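Chemist: Here you go, one structure.
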Amino acid sequence: MNRESQDRTATRLVSLDTYRGLVMCMLAINGFAVAVTAKKLGYASGIEAETWAGQIWQWLAFHNSHPLWNSQFYVVGCALWDLIQPAFMFMVGVAMPYSYFSRKSRGHSDKKLAWHAFIRAMVLVIIGVYLQTRSSGLATNRLFTNVLAQIGLGYFFVYLLLGRSVKTQLAVGAGVLVAYTAWLLNFPVDALSTAAKEQVQSLSTPESVSQHYALQFNAASHADVSLLNFLVGGEEPIRAHQAGYTTLNFIPAAVTMLLGVLVGTLLKSDRSDHDKLRKMVTGGLILMVLAVIASYTVCPVIKKIWTPSWVLLSGAYVIWLQALLYWIVDIKGYRRWTFPLVVVGMNSLAMYLMSMLFKSTINANLKTYLGKELFAGPYGPMIQATLLFVVLWLFCFYLYRNRLFFRI
């Protein structure tokens, strides 16, 4: 934790802090428990609601939870909740050029910068592993799937591309996605489980392609099982994650961070605001077109194994949202409304860690002092999530007022 001077905060990209705050508020309190509340109200997914209120609740629940496998809906659509992690990782990338060139201007050598990036990456991995294994121990198939661990695993490789030309960064990013797709497609297809077959049928690619992307029966899941059994396996072998998450997601996810680096470099440049907006909107459009083409030919859109088409589709949306916020906040100057989000965005790591480490303790105290009855009804989860958010936000506000910011 460190104090940040007024001069440095004055030069911050407010739209980025707003973006970070928005994403972190959603992530920290699990989407205000909308999906859980919808289920308690009897609007379970898969059962079409008969009333308009029920349909609204189902729509909200869909956008506040992860689909089982297929992440593409209505050709260019996806669940909002699926975009939370890509947005988080994208914003890490956007901030990297600002941090890199700021340290460079203060006289840091290339060796010192590289060492700092490497240490930061390792610390993120360690924190991510700790958060993921507090209750299960190391012998788990989710050892490296926490968002901080995923960021840490790819962070240093993305750092190595800082300061390179845009053509080089684009070429490396495209090369990673093409190579990863080829690797997934070359995985031999064995007999699929019933659940895997059901999920394959929901994918947009031809069946001969889709079968290479089956739940638990794909190259990434197979590699994950081998890696985890080698690292932490015991008498009881570790099996593929039931929801399909894998360690190697960090490879294509690093391209998501690289997209952030490209946008961050653009925003930091001397180009006109109009030119910056045009490039972000156009870049997002190109990514979306490529995502749709890939999703109907060689690579379905699956967030849980971070397929290259998911990098493209989610990349389009997270760039467009950054462009929208940049236009509203930094160009038009409408900033007053952003304050509650900026308070969180400037301490996003603190918000995330407090949520992960102290959520159950805070919730228990809320029930003790406010009474369990308040949280007993169908709207109880939303009430609890809202009060949890208030507690976490007030702590972030305290840090903000005292100019205290958690950094790695």
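Heads up, the Cβ atoms here are built off N, Cα and C, so glycines get one too.
Those TrEMBL annotations? Automatic predictions, nothing curated.
Below are the features I grabbed from TrEMBL:
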type: TRANSMEM; residues: 21-38; note: transmembrane segment
type: TRANSMEM; residues: 73-101; note: transmembrane segment
type: TRANSMEM; residues: 113-131; note: transmembrane segment
type: TRANSMEM; residues: 143-163; note: transmembrane segment
type: TRANSMEM; residues: 170-189; note: transmembrane segment
type: TRANSMEM; residues: 250-268; note: transmembrane segment
type: TRANSMEM; residues: 280-298; note: transmembrane segment
type: TRANSMEM; residues: 310-329; note: transmembrane segment
type: TRANSMEM; residues: 341-362; note: transmembrane segment
type: TRANSMEM; residues: 382-400; note: transmembrane segment
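Have a look at these and tell me how they're positioned relative to everything else.
Modeler: Beyond the transmembrane segment (113-131), the same-chain residues lying 6 or more positions past its ends with a Cβ under 8 Å from any Cβ of the stretch are 100, 103-104, 138, 143-144, 146-153, 155-156, 159, 353, 356-357, 408.
Within the chain carrying the transmembrane segment (310-329), a Cβ under 8 angstroms from the stretch's Cβ atoms is held by residues 13-16, 18-19, 71-72, 76, 78, 82-83, 86-87, 90, 94, 177, 252-253, 255-256, 259, 263, 267, 276-277, 280-281, 283-285, 287-288, 290-292, 294-295, 301-303, 335, 338, all 6 or more beyond its ends.
Sequence-distant contacts of the transmembrane segment (341-362) (same chain, at least 6 residues past either end, Cβ-Cβ under 8 Å): 9, 12, 14, 16-25, 27-29, 127, 131, 148, 388, 391-393, 395-397, 399-400, 404-408.
Within its own chain, the transmembrane segment (382-400) has Cβ neighbours under 8 Å at 25, 28-34, 37, 340, 343-344, 346-347, 350-351, 354-355, 359, 362-363, 366, 370, 374-375, 406, counting only residues six or more beyond its boundaries.
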Chemist: Which one, 21-38, 73-101, 143-163, 280-298, has the most C-beta pairs under 8 Å toward the transmembrane segment (250-268)?
Modeler: 73-101
